[in-house]
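So the structure is just underneath, and the comments pick up after that.
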Amino acid sequence: MPVCGPKLSLCGLILSVWGIIQLALMGIFYYVHAVALAEDLPEARHPHDPDSLKDFYTDIDRGYTQNAFNCWIAALLYVVTLALSAHQFWANNRSSLSV
Amino acid sequence: MASLFRSAEMTLCQLFLQSEAAYACVSELGELGLVQFRDLNPDVNVFQRKFVNEVRRCDEMERKLRYLEKEIKKDGIPMLDTGENPEAPQPREMIDLEATFEKLENELREVNQNAEALKRNFLELTELKQILRKTQVFFDEMADPSREEEQVTLLGEEGLRAGGQALKLGFVAGVILRERIPAFERMLWRACRGNVFLRQAEIETPLEDPSTGDQVYKSVFIIFFQGDQLKTRVKKICEGFRATLYPCPEAPGDRREMAMGVMTRIEDLNTVLGQTQDHRHRVLVAAAKNIKNWFVKVRKIKAIYHTLNLFNLDVTQKCLIAECWVPVLDFENIQLALRRGTERSGSSVPPILNRMETLEDPPTYNHTNKFTSGFQTLIDAYGIASYREMNPAPYTIITFPFLFAVMFGDLGHGSLMAIFGAWMVLKEKPLAAKKSDNEIWNIFFGGRYIVLLMGLFSMYTGLIYNDVFSKSLNIFGSNWHTNYSATFVLSVQDKMIDPADNGGYDGYPYPIGMDPVWQLAKNKIIFQNSFKMKISIILGIIHMLFGVSMSLFNYTYFKNKLSIICEFVPQVIFLVFLFFYMVLLMFIKWFMYYPTNVESEIKYSPRCAPSILITFINMVLNKETIVDPECDANMYAGQIPIQKLLFACAVICVPWMLLAKPLYIMRSRRKMNYSVSHQQMQAATGNGDAEQPIHNNTAQPIVGHGGGHDEEEDLGEMFIHQGIHTIEYVLGSVSHTASYLRLWALSLAHAQLSEVLWGMVLNKGLVVDGWLGGIVLYVIFAFWACLTVSILVLMEGLSAFLHTLRLHWVEFQSKFYAGQGYAFLPFSFENLLDSASQTAEE
């Protein structure tokens, strides 16, 4: 049974396809520690002297891995959204055809 | 091939059609759609033309069809649109069509009338049924013994006594619109001074108004009162409020009987109504199968007669004469169509089509296909090309998306746009068949190839700028590295990257586009600005030079040698010697100077690299460039004399453009005048008659004077015209060159905006620590995606589109394009039907 209208389901469909592709890719980039994404990491302990650099690096590494998994989680959520909106889209199509 | 670059060659033709064959021939020409007829009786009133009667009959048929269509739509019956295109029927078939439509319309009207009457009847009965049901409650309440008590207290002794003698309360019952109830109640109260008792109950189901077909809500009311005077008053008020009163028997038994009667009548009516509806439905379904077909037929007949009205009647009344514009290349096709028409009509005399000489400007007809038509529309929106002028549309196919992409350079946004465009292109046929009347969608769909190309080109420039949603891709590996110690890195906030810096730069560039390291550099904008500004000026000058060279093709085609020498050559010299030289300086600067900190090479270090703009300004103002002592003011040997020479040449071009052409024309005219008068003098003297020369001499000065005066005015106008052109060109070169800087400005704005959007929105989802981050990212990504599409792709895309349009209309086309033609509007059934169906939908 259709819950959301044809426009909303189409919107969800497009958004989730985009989300899956982009977030999956971003997950990979985080996983390989892409420098371009260095500004988009959780807060790391700021190093004050060369000795604390090690902590800083572990924080950054952890952040990269964490973000990679977060991206994939979000991508998975979009897979769910995709399934939902696809079902809604299909239901809408069918109900509009049967009328 | 010439037709690709110019509009098609047209010729004016005269067409003689035999009266009997005219209809069939025009029908064939309408199917072909390559002929534009001219109105040969413009001074004849519309109502006085030959085929007014037929046009009127068609109008009448169309009206009937529209009525039918309205009824079909009302019943929600799908209209069969097979998309087939029936030929225009023979004139004699018109009578059959008329008869069919007449019959259908009458039948439908009758059915509708009957249905309305039945519905009215049905409404009355339902209302009566409701009254009987609802009032029952009121009567029950009245008869309720438990109410006795209440009555006693309310009416007091007297009342009770009166009531005891079966208090002669009269009542009326009826139905009224629900929204009128409050006013009705107040009116009753006031007019009867509170001596009536109103009870009302709502009818839950809406009733259908038979005349309008609307669903209305009504209420049942019953009014109790005493005495006849009150009765008349109450009835009048009811009348005033358009309430319908129904007789309602007092005795419960009668009421029950009546209710039974009403019920059976409703049952009967329902069956009759159902049958009527069925009949109507049958009629409409039958009509719906053919209605589109009929519409096409009727519109074609109408168009043919309308066209025939434009023709002239021969004196013998046997033949119709038409004048029409025809593309020369399609001459054969038209003659074939005419022959087909003659054969179909069974006429023995073939139609005659012969060319006419005319001084009038022919219409502009550009052959387009689905790919080029979008670009042609962009050009035509500025102005239809003059006849046989160079058509900028073919070049626009590449330059338009490219200049757009320079401003819209982002791989991510570009691919979104390209995907949208590709979808429209791939799904072209089903989408076109839908015929949406959404204006915005139609604009996008009409420009689907433009959108696709703009998207693809933006992807390319995005790759060059190395921008994907403001992030850079490190595909080939950056050619920069750091060799700073950890302590140094900790001590500085951020550092500009400098290729001269020892060891930071590997010495060879990134294979394609910008090095990804620039995304993180502090001097990214400084670097990109210098690069993008130069690129936009280079592209602009090339674009403008291309426009100017286009005018050469125009002049050679129109054999305007004078304009080549007096306009094209100085224009090119002016542009090349000043502005293209500046472009060359940019390349010289790029090639000669390189990052170095070595003392011996200081002359070629960034510190000594001269500013191109300052050099250019000094060249025009004829000043020395002031530089550091260790630097060289010149980029190459002999720069100053060469610059002076170039500038002098450019300056000479200004009076050349301004004066050469008018002066030449003036001189050639004077020469012609002189030779004419000389010849006349000779003729006069040679005649030997004494009277003749005197006569000639007296006549001549008047004419000569008049002509001279005209010429003077003409020349003055010419000088002013040329002056305006020259000023426009010279100032335009400066301002248009600057105008191309919008390429840089918009590209910068776009890059910055996408960076801000990433940093302010998506970044917020990425910095959340822990597993919650995934869910936050999910929400924020949706938000970011919406903003990206609405702001960066739609709004920024629109603004870049408009700026590109301006660059083409003003900066490019002003160099060669007059745009003073008028469009070729062929008589074509296809166009006619399209526009007719569109207006019908609106």
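Placed from the backbone N, Cα and C atoms, the Cβ positions cover glycine too.
TrEMBL: automatically predicted annotations, no manual curation.
Mean per-residue pLDDT, taken over the coiled coil (B:51-135), amounts to 85. Feature annotation from TrEMBL assigns coiled coil to B:51-135.
The transmembrane segment annotation in TrEMBL covers B:400-426 (among others).
Feature annotation from TrEMBL assigns transmembrane segment to B:447-465 (among others). For the transmembrane segment (B:447-465), same-chain residues at least 6 beyond its ends with a Cβ under 8 Å from one of its own Cβ atoms are 370-371, 374-375, 377-378, 397, 400-402, 404-406, 408-422, 424-425, 428, 473, 512-514, 528, 747, 751, 797, 801.
Packing against the transmembrane segment (B:535-556) from elsewhere in the chain are residues 5, 389-390, 392, 395, 399, 403, 406, 563-564, 567-568, 571-572, 575-576, 579-580, 582-583, 586, 733, 736-737, 739-744, 747, 807, 811-817: each is 6 or more residues past its ends and has a CB under 8 Å from a CB in it. TrEMBL lists B:535-556 (among others) with the feature transmembrane segment.
According to TrEMBL, the feature transmembrane segment maps to B:568-588 (among others).
Taking Cβ pairs closer than 8 Å, the transmembrane segment (B:645-664) reaches residues 562-563, 565-567, 570-571, 573-574, 577-578, 581, 619-620, 622, 715, 718-719, 722-723, 725-726, 729-730 in its own chain, all 6 or more past its ends. According to TrEMBL, the feature transmembrane segment maps to B:645-664 (among others).
Outside the transmembrane segment (B:743-763) by six or more residues, the chain places 403, 406-410, 413, 465, 467, 469-471, 525, 528-529, 532-533, 535-536, 539-540, 780-781, 783-784, 787-788, 791-792, 796, 799-800, 803, 807 with a CB less than 8 A from a CB of the stretch. Marked as transmembrane segment by TrEMBL: B:743-763 (among others).
Positions annotated as transmembrane segment by TrEMBL: B:775-795 (among others).
Same-chain residues lying 6+ beyond the ends of the transmembrane segment (B:568-588) with a Cβ under 8 Å from its Cβ atoms: 534, 537-538, 541-542, 544-545, 548-549, 551-552, 555, 612, 615-616, 620, 635-636, 643, 646-647, 649-650, 653-654, 656-657, 660, 729-730, 733, 737, 815. Only residues 6 or more beyond the boundaries of the transmembrane segment (B:775-795), in the same chain, are considered here, and those with a CB under 8 A from a CB of the stretch are 410, 412-413, 416-417, 469, 750, 753-754, 757-758, 761-762, 764-766, 768.
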